[in-house]
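Trainee: The domain 'Gfo/Idh/MocA-like oxidoreductase N-terminal' annotation in TrEMBL covers 2-91. If you look up TrEMBL, you'll see 102-216 marked as domain 'GFO/IDH/MocA-like oxidoreductase'.
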Amino acid sequence: MVAVAARDKQRAEEFAKKHEMPKHFASYEELAKCSDVDIVYVGALNPQHFDICMLMLENGKHILCEKPLCLNHKQAKKLIQYAEIKKLFLMEAVWSRFFPAYQYVKKQIASGVLGEIQEVEVSFGFQLEDVDRLKKKDMGGGTVLDLGIYTIQVSQWAFQEPPQQIVAKGELNSEGVDVDVEAELIYSGKRKSKMHTSAKKQLDNKAVIKGSKGQITLLQFWCPTKIIDIDGQEKEWVLPKGKLNTVYQNSEGLRYEAEAARQSILEGKLQNENVSHNDSLLFAQIEDEIRKQIGVVFPED
């Protein structure tokens, strides 16, 4: 780790000190122009992803950008096209997919152990109504972008094809941002994914992938270290521990996507097959359609 940039110089300085990083900046421009940096991890608020990523690409940096990649499909398409023109690596940081549990589930599906995938049932909810980045429109809030990206990506991980139809209903707060959404993604052969996201209450936060021969459950599906396998037995992968305690649950698991980004760049790839550019464009399309149906509109739309 070479440098960190934040809007607040003091916060950047404290962060750099804590993590023994040689450089810190009070602007993203300075970081973009820092010649020691090869790849930037963008963890700013949702509405800033597009501009910061464009700035980094302009300055020749590879990017791992927090999900949602952008606020909508229009922005995501523009960003991905620019990265491809610049021949730089760009990936949406859907960290879940790099956990050993996800890789195992992918193998189980591919090998036909589950039979034909018929249904996914997934819920993701916490008591988050007082969290600014979730409740405010100017912060790109709402459960679709913050939590829905997770439920969408796990559905796509299971079905591996675009949904043919989307049906969504939701509840908005006074800012016009969604606080509770139920959606169905309908795939070929009337197979479906039932998704529920909520900022109003804690949900069971698991994903059940059901096939014609059995099912697998991902517990704490956004960062799972445990699954219930097809034989009903629990399977566990223990996370490696870092030097410092993490603020959020299982954040040690962020190392998996970081390592994957590194390997991709070393191999000269511009994208990673676990979260490809097409995956990100499809996620954005699905998010756009759900927002459209429930009536959430951002100025950027």
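Quick reminder: no glycine exception, Cβ is built from N, Cα and C everywhere.
Just so you know, TrEMBL annotations never went through curation; they're auto-generated.
Remember, predicted model here, so these are calculated numbers, not experimental data.
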Trainee: Within the domain 'GFO/IDH/MocA-like oxidoreductase' (102-216), how many residues are helix, strand or coil going by DSSP?
Mentor: 36 helix, 41 strand, 38 coil
Trainee: Looking only at the domain 'GFO/IDH/MocA-like oxidoreductase' (102-216), report the model's average pLDDT.
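Mentor: In the predicted model, the domain 'GFO/IDH/MocA-like oxidoreductase' (102-216) has a mean pLDDT of 97.
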Trainee: In the domain 'Gfo/Idh/MocA-like oxidoreductase N-terminal' (2-91), how many residues does DSSP assign to helix, to strand and to coil?
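Mentor: Counting residues per DSSP class in the domain 'Gfo/Idh/MocA-like oxidoreductase N-terminal' (2-91), I get 41 helix, 17 strand, 32 coil.
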